[in-house]
Amino acid sequence: SLSVKDKAAVRALWSKISKSSDAIGNDALSRMIVVYPQTKTYFSHWPDVTPGSAHIKAHGKKVMGGIALAVSKIDDLNAGLLELSEQHAYKLRVDPANFKILNHCILVVISTMFPKDFTPEAHVSLDKFLSGVALALAERYR
């Protein structure tokens, strides 16, 4: 679970990177479909699933909106992300293993876009936070 120190580190990092969240989301989702091509199956209804396409940008923005929500609900991720968990479990039917894949891509993108802010301490706190988000999103799968 997240310590007080982890929560403070996540909030501090988010305050620095949130202005770039659309670009982070686009790059992370683009990276995910290239590095893990099996994830494209969730987007097969889109006419263009190439990195940086309009649909990828729009969904990347939506994903990062979810991350922003999670930061605001950091003290109770399960309750705060319940609606998103239900949507991913029942409507979208996303395999929860993919949350970990996308989390990894988000970490990679943030590390490359914000190398000075992505200290080892920020890295571990953000990784723990994103793992908590993935667990909260998987809550309705049980």
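Using the three backbone atoms N, Cα and C, a Cβ is placed for every residue, glycine included.
The N-acetylserine annotation in Swiss-Prot covers Ser1. Counting Cβ atoms from all protein chains shown, Ser1 (N-acetylserine) has 7 others lying within 10 Å of its own Cβ.
Among the features that Swiss-Prot reports, domain 'Globin' is placed at 1-142, with the record citing sequence analysis.
Taking Cβ-Cβ distances under 8 Å and a sequence separation of 6 or more, the neighbours of His59 (O2 binding site) in its chain are Gly25, Leu29, Phe43. Per Swiss-Prot, the feature O2 binding site maps to His59; the stated evidence is sequence analysis.
The heme b binding site feature in Swiss-Prot is assigned to His88; the stated evidence is sequence analysis. Listed in sequence order, Val94, Pro96, Leu137, Arg140 are the same-chain residues six or more apart from His88 (heme b binding site) with CB atoms under 8 A from its CB.
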* **Counts by DSSP class (helix H/G/I, strand E/B, coil) across the domain 'Globin' (1-142)** => 110 helix, 0 strand, 32 coil
